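Copied over from TrEMBL:
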- N49, G50, G51, E62, N91, D92, S117, T118, S119, S122, Q169: substrate binding site (BINDING)
- H58, E62, Q169, H177: Zn(2+) binding site (BINDING)
- 34-190: domain 'SIS' (DOMAIN)
Amino acid sequence: MITLNAWLSDAAAVLAATRARGLDATMQAAVDATVTALAANRPLLVCGNGGSAADAQHIVGEMVGRFLKERRALKAICLSSNPAVLTAWSNDYSYETVFSRQVEAYGEPGGVLLGLSTSGNSGNVVKALEAARKLGMATIGLTGEGGGKMAPLCDHLLAVPSRSTPAIQQVHLALYHCYCAAVEERLADA
Ligand SMILES: O=C(CO)[C@@H](O)[C@H](O)[C@H](O)[C@H](O)COP(=O)(O)O
Ligand SMILES: [Zn+2]
């Protein structure tokens, strides 16, 4: 039987295991790359599927609006949230290229692509990272254990040491809130 306390204990264990991985320097490097891009008005593009699509929207909401501080709007775009683009391209061509096509549309050299995938193997996120690299954008990945196919395509890989999709997503939320807070702190006074 599923109980709340057991669920919370499992969630806390994955959080603690992530903390033990010592990802602080990787997070700092991801923040540095993002601050450099946004300070130059280059875009931050974010994508993912399912729960990670909602996470991508959440991140962009913090960046375009505000998180903890008052500051200017930041140029962040969610690639998972335009139903007309998603359905037209997937229907006419392929779901696998639905994010890379938007990287071609919105990406710029010096920008950043942030991809979220718990398996690290979602084909459309992998293809988006490839397209971003081709364009000269920095790449950040939020994944589960090992990073899967995304690992070699990410300049900055934040891999949660778990293979459970919901457990990974719960830690992704903590990771990207930290990321948003750190980016905002650096850009608030700029
Ligand atoms: O939110 C959940 C499960 O918690 C699901 O919607 C989940 O995101 C979907 O199954 C995704 O398609 C999984 O893809 P990914 O994380 O492996 O890239
Ligand atoms: Zn979910």
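First residue shown is number 1, and so on along the chain.
Note: Cβ is positioned from N, Cα and C throughout, glycine not excepted.
Note that TrEMBL annotation is computational and uncurated.
Structural mapping of features recorded in TrEMBL.
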{"residue": "N49", "record": "substrate binding site", "Cβ neighbours (10 Å)": "20"}
{"residue": "G51", "record": "substrate binding site", "Cβ neighbours (10 Å)": "17"}
{"residue": "H58", "record": "Zn(2+) binding site", "Cβ neighbours (10 Å)": "18"}
{"residue": "E62", "record": "Zn(2+) binding site", "Cβ neighbours (10 Å)": "20"}
{"residue": "N91", "record": "substrate binding site", "Cβ neighbours (10 Å)": "10"}
{"residue": "S117", "record": "substrate binding site", "Cβ neighbours (10 Å)": "28"}
{"residue": "S119", "record": "substrate binding site", "Cβ neighbours (10 Å)": "19"}
{"residue": "Q169", "record": "substrate binding site", "Cβ neighbours (10 Å)": "21"}
{"residue": "H177", "record": "Zn(2+) binding site", "Cβ neighbours (10 Å)": "15"}
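The average pLDDT the prediction assigns to the domain 'SIS' (34-190) is 97. Classification of S117 (substrate binding site) by DSSP places it within a strand. Pairwise Cα distances among N49, G50, G51, E62, N91, D92, S117, T118, S119, S122, Q169, the recorded substrate-binding residues, top out at 32 Å. Separation of the C-alpha atoms of E62 (Zn(2+) binding site) and G51 (substrate binding site): 17 Å, rounded to the nearest whole number. In this structure the alpha carbons, written CA, of N49 (substrate binding site) and H177 (Zn(2+) binding site) are 19 Å apart. Cα separation, G51 (substrate binding site) to H177 (Zn(2+) binding site), rounded: 16 Å. Only G51, in sequence order, out of the binding-site residues N49, G51, E62, N91, S117 have a CB under 6 Å from ligand 2. Listed in sequence order, the binding-site residues among G51, H58, E62 whose CB lies under 6 angstroms from an atom of ligand 1 come out as G51. Between the CA atoms of H58 (Zn(2+) binding site) and Q169 (substrate binding site) there is a gap of 13 Å. When the Cα atoms are compared, S119 (substrate binding site) and H177 (Zn(2+) binding site) turn out to be 20 Å apart. In this structure, N49 (substrate binding site) belongs to neither helix nor strand by DSSP; it is coil.
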